[in-house]
Amino acid sequence: MADEAKPISPLKNLLAGGFGGMCLVFVGHPLDTVKVRLQTQPPSLPGQPPMYSGTFDCFQKTLVREGITGLYRGMAAPIIGVTPMFAVCFFGFGLGKKLQQKCPEDVLSYPQIFAAGMLSGVFTTGIMTPGERIKCLLQIQASSGETKYSGALDCAKKLYQESGIRGIYKGTVLTLMRDVPASGMYFMTYEWLKNILTPEGKSVSELSVPRILVAGGIAGIFNWAVAIPPDVLKSRFQTAPPGKYPNGFRDVLRELIQNEGVTSLYKGFNAVMIRAFPANAACFLGFEVAMKFLNWATPNL
């Protein structure tokens with residue numbers, strides 16, 4: 001079983017999740033920039049080396065050419081989007097758990113936790129898709145040498161002028177394909193690890209900071225192990241010129257496998273996994289700290 005019975009407050013999950021999301025962005029954005037640049041770099045010409053040979057090469061070249069600000073390129077979009085996105089994510093998870101309880105004392109099984117996590121993935125797509133679209137475009141434009149957008153708001157404005165709301169929400173289906181199963185894995189793994197790491201005779205709510213960091217970090221790794229292939233497809237699709245993939249993700253998948261093989265679906269794997277542990281450890285620690293504060297400040301919320 002996932003935890004001892006306790007009242008679930010989706011509203012507290014909403015507030016604490018927003019703070020957790022901010023912690024995740026600050027810790028994880030530099031390696032997210034590396035991940036997107038690796039995933040979207042063009043295939044190298046015969047006899048020529050690729051633009052980036054790997055995670056550390058991309059990190060080093062970005063740092064040398066653009067400074068520390070280059071690694072935080074496009075962070076405004078995820079900060080604006082991720083704070084409410086994680087708020088909605090944790091709200092959806094709390095609501096998903098609550099909907100499956102027949103009474104407040106019910107303890108949910110791990111499959112029920114997984115289902116609640118999948119619901120959170122559905123909830124976040126509406127916020128996540130435009131934020132990811134803008135972030136990816138800003139992250140790759142510096143490495144391409146073209147400066148089309150001056151910032152997140154300028155990018156959103158130009159996308160709307162060029163393609164309307166559909167242009168901003170390009171990649172919605174792929175975001176759903178990535179986030180629904182990955183979110184289920186994310187929350188189920190976190191709850192499972194919290195229970196495993198809780199000393200006998202102690203409550204899960206008394207878990208120490210290092211153990212929360214371990215549980216959150218490993219949950220992030222499990223999340224991305226599921227999410228990487230659709231994330232690669234999403235990054236390619238969202239940064240492609242209009243009309244390049246008329247049949248959506250099927251065209252992206254076909255092109256990737258034909259030109260670069262199945263392993264191309266795991267482009268950026270090292271960057272993702274290096275980022276996943278600290279970023280998600282910070283997220284869940286931020287969530288737990290905020291939740292404890294809310295339980296103390298507003299016990300009846």
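Positions of Cβ are set from backbone N, Cα and C atoms, glycine also.
Taking TrEMBL as the reference, the stretch among 107-128, 195-216, 217-238 described by the feature transmembrane segment is residues 107-128. Note on the transmembrane segment (107-128): residues 1-5, 81, 84-86, 88-97, 99-101, 172, 175-176, 179-188, 191-192 of its chain, located 6 or more positions outside it, place their CB under 8 angstroms from a CB of the stretch.
Distant neighbours of the transmembrane segment (12-31): 55, 59, 71-72, 75, 78-79, 82-91, 93-94, 271-272, 274-276, 278-280, 282-291, 294-295, 298, 301; these residues of the same chain sit at least 6 beyond its ends, with a Cβ under 8 Å from one of its Cβ atoms. Averaged over the repeat 'Solcar' (207-293), the predicted model reaches a pLDDT of 91.
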